[in-house]
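Worksheet: the structure to be examined is printed underneath.
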């Protein structure tokens, strides 16, 4: 496709400023903030099934020499209510932290806010280490750590998306321009701006907020965190696995080793195809797991097959929805609502994470009062994955390789379903020249009136 300026769509990207190694290193360093949340998920999943920890938090005796509970008449496990509290309270903290971090990122800057989040998280970890069987102290520690995770998850994606490529120059050049052409907004109105415009208009702030918050919510509703939060205890309940901790380690390794593939898949296949086909793939895997686990619950071979399919399910998530949802959020919002839009989207992620962390132990637990769905719960998660694929198909536009201004123009000119065929008609350099010209014209016009 040839543009008005005689450049093909592919030619537009070749004259843009290249990404430097410094940009890569800065973004890789910032991305380590994701280790905070991954660490808390990983250790909690295994700890909830450890006999020593169960003994600490329940006062039930365990014969470590024989490897069996002293009293086999009762279920040797942390109660669902306590598991729900210890797991979900972290997500409550992240929800609150993500909301607060949006303001602090604008007030103090991205870098300072990230460092504050690190300090808060460290305090939370110290409290958890000191709990020693005290549920209240563990809960407070998880809440404080969650606040730190909320800071990191909200601000890091904002920081990285502004640092790489031409985004940083874009923001620096536009800062003065925005202050000239935009009226100063109050605190409340700056949040309300995220909800301006009709839902039916693709480039309205309301539509962007729905896309950002919805994509994060759907990522959580795919419920891969069920395996990472409660995988060990779920595998213990199956009763046919001799070492559930080893299985949890395998699923974690699959996630860690396949996630880097997203560096290639996101640019090779773009955002929309990953979200749509990734959602369909997870839907299929979840239904296979549910069908096998329901039909052959006590068959050791069938359970091994379930675990293999769970690994494929993790592969689909790690290469599609896991990273792609965060990329979409970083590209969706325009400059005036960027920090708060990302904060709302991140808060949506942690809100649904918290809700599902609360109810999941009651859905899968085998104690009195629990629904005890067992493997049938995967039918529920699978249906939500299908819903996520439909959400991506109808509402998520393709923003691969576009600057913020080009995203604005694309949303105004085409629908999400046709967005992949849209091509920019100007380069970033031409856009910046237009911004500078507009700024100079505005200043000259103002000076003329003053004279």
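Here, residue 1 is simply the first one shown, and the rest follow in order.
Placement of Cβ uses the backbone N, Cα and C atoms for every residue, glycine included.
Residues or ranges marked as domain 'Major facilitator superfamily (MFS) profile' in TrEMBL: 1-400. For the domain 'Major facilitator superfamily (MFS) profile' (1-400), the predicted model reports an average pLDDT of 81.
Same-chain neighbours of the transmembrane segment (21-39): 94, 114, 117-118, 121, 145, 148-149, 152-153, 156, 159-160, 163-165, counting only residues six or more beyond its ends whose CB sits under 8 Å from a CB of the stretch. Per TrEMBL, transmembrane segment is recorded for 21-39 (among others).
Positions annotated as transmembrane segment by TrEMBL: 85-105 (among others).
For 112-129 (among others), the entry in TrEMBL reads transmembrane segment. If you look at the transmembrane segment (112-129), the same-chain residues 6 or more away from its ends with a CB under 8 A from one of its CBs are 30, 33, 36, 93, 97, 101, 104-105, 137-138, 140-152, 155-156, 159.
The transmembrane segment annotation in TrEMBL covers 135-159 (among others). Non-local neighbours of the transmembrane segment (135-159) in the same chain are 30-31, 33-34, 36-37, 40, 57, 82, 85-86, 89-102, 104-105, 110-111, 113-114, 116-129, 326, 329-330, 338-339, 342-343, 346-347, 349-350; each lies 6+ residues outside the stretch with a CB under 8 Å from one of its CB atoms.
Marked as transmembrane segment by TrEMBL: 244-263 (among others).
Listed by sequence, the residues of this chain that lie at least six past the ends of the transmembrane segment (275-295) yet keep a Cβ under 8 A from its Cβ atoms are 215, 218, 222, 224, 238, 302-303, 305-306, 309-310, 312-313, 316-317, 319-321, 324-325, 328, 374-379, 381-383, 385-386, 388-390, 392-393, 396. According to TrEMBL, the transmembrane segment annotation covers 275-295 (among others).
Taken from TrEMBL, the feature transmembrane segment applies to 307-329 (among others). For the transmembrane segment (307-329), the residues of the chain that approach it from at least six positions outside its boundaries are 157, 211-212, 215-216, 218-219, 222, 224, 227, 235, 241, 247, 250-251, 254-255, 258-259, 261-262, 265-266, 271, 274-275, 277-279, 281-282, 285-286, 288-289, 292, 342, 345-346, 388, 396, 399, judged by C-beta separation under 8 angstroms.
Beyond its flanks by at least six residues, the transmembrane segment (341-363) meets 80-81, 83-84, 87-88, 90-92, 94-95, 98-99, 101-103, 105, 146, 150, 153-154, 157-158, 194, 205, 208-209, 212-217, 219-221, 223, 225-226, 229-230, 329-330, 332-333, 369-371, 373, 377, 380 of its own chain at Cβ-Cβ distances under 8 Å. If you look up TrEMBL, you'll see 341-363 (among others) marked as transmembrane segment.
With a threshold of 8 Å between CB atoms, the same-chain residues lying at least 6 positions outside the transmembrane segment (378-396) that come near it are 207, 210-211, 214-215, 218-219, 221-223, 226, 271-272, 275-280, 282-287, 289-290, 293, 321, 328, 363, 416-417. What TrEMBL records for 378-396 (among others) is transmembrane segment.
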